[in-house]
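The region 'Disordered' annotation in TrEMBL covers 1-76, 88-110. Per TrEMBL, the feature compositional bias 'Acidic residues' maps to 34-45, 55-70. Positions annotated as compositional bias 'Basic and acidic residues' by TrEMBL: 101-110. What TrEMBL lists as repeat 'WD' is 149-190, 210-251, 252-293.
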Amino acid sequence: MGGPPGKNKRGSSKFSMNRDPFFSNSKRRKKDEDEVIESEEEELDGGMLNGGGESGEEEEEEELEPEETAEEKRQRIAKELVENLRKREKELEDEEDEEGERVFEKEGERDSFVAKKLMQQQLEDSGRLRRAIASRIQKPESVDGFEILVKHRQSVTAICLSDDDSKGFSASKDGTILHWDVDSGKAERYQWPNEEILRSHGSKNPEGRATKHSRNVLALSVSTDGRYLASGGLDRHVHLWDTRTREHIQAFPGHKGPVSCLTFRQGSSELFSGSFDRSIKIWNVEDRAYMNTLFGHQSEVLAIDCLWQERVLAVGRDRSMQLFKVHDESRLIFRSSTSSLECCCFIDNSEFLSGSDDGNIALWGMQKKKPVYIVKNAHALSTDVNNGELKDRGRNYNGHIASSWVSSVGVCRGSDLAASGAGNGSVHLWAIEGAVKGIRPLYDLPLIGFVNSLALAKSGKFLVAGVGQEPRLGRWGHNSAARNGVAIQRLKLL
């Protein structure tokens, strides 16, 4: 007679419907068995290859360990920085202990000293504390003038320094981009890829009358971490390079005019590009993506600068300086009486410096829409230049002689030291004393040629200048006595 459902004649539930192979997931079971067999084979192979060492499962576990997150990386770097400072202070303490000058009685005193040093460094980096370097600069001797560190075939249009001041980058009108060491001057050249590779990296044919993929470079900027170098020029593209391999990795199209200026936001992967099309575009170099476009200038944008905050300072030929607050989607407009502002840079978050084509250098503040201090005719023509070193010295543009234009300004970040350059045969050093006292002249450093770009080391120990026989953006002046290249001036501090 038949028994209960699901029971066989022997009365056991061994062959119940739930355990019947027909109703079970045989494919899944077979897959699991296959996976187990594969892992056993890998373990056997791993043991044979490693001579009876660690098993393949342990190797897989090591490979599956989670990667370090961004927060963990920041914590690790911060701990390493604190430990390095502690070791440095310990070494100084040991040295001075022998001389009997200073001794930390407790470990807590050393930690408090390290904390104060870190706080001071953070304030300096953020621009809230200004270092007094200008008063410590010794007067350069005549024999210790500028020396050519790197040579270029044509006029240098842009230079920039890495965040640690050990490496430098320069570009010229013939499209040459060089990566050089500050101490030795040893240079390595970046190779432009062919048209097919450029197209695969995002390059497009420029609109209008621009020469197809013209190699004329007008702007350079390096990221804070030193991984990326950005270049821009007449081909209306922003090109991204890997500084470790010196290879081209991306081309950003979008501008309808030559890219005249570039800057990275410090401590981030945001890149800002200014163009003759009167716009400023924002890019993310990590994601290789376009982010936004800023409008406001009524003429060509000639120079931009940015610090840690999402604020971009830009000047142009519309006689205005504009501060774009990217996060707030607002801007401040500062008016100038000159025909064109040629260059600008941040001194800190609340003060800026600019140079114009009438030879003036202006100090600006957040509270006023006009300059708080002006140095008029800062780069007057010297008699030596006027007496034959300059060809076509009478040629002018917008009513001003091209050689007297203030074509470049630079600031030692977080300090009161500034520099300016023109085509009059010298670079000027200035002390920024604030809105009340203004700008005080320090020293004149002789340098023949058009100083198209300037960069001051963070330590204030040297100044590099991009020099050429012609101005950066044109050929309305020429100085045949100038040497195209990067010149360096060593500065001695008290």
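Any Cβ shown, glycine's included, is placed from N, Cα and C.
Curation plays no part in TrEMBL annotations; they are all automatic predictions.
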Helix, strand and coil residues within the repeat 'WD' (149-190) as assigned by DSSP: 0 helix, 23 strand, 19 coil
For the repeat 'WD' (210-251), distant same-chain residues with Cβ under 8 A (at least six beyond the ends): 157-164, 167, 169-177, 179, 188-193, 195, 197-198, 201-204, 257-264, 266-269, 271, 273, 275, 281, 283, 285, 288, 472-473
For the repeat 'WD' (149-190), the mean pLDDT of the predicted model: 95
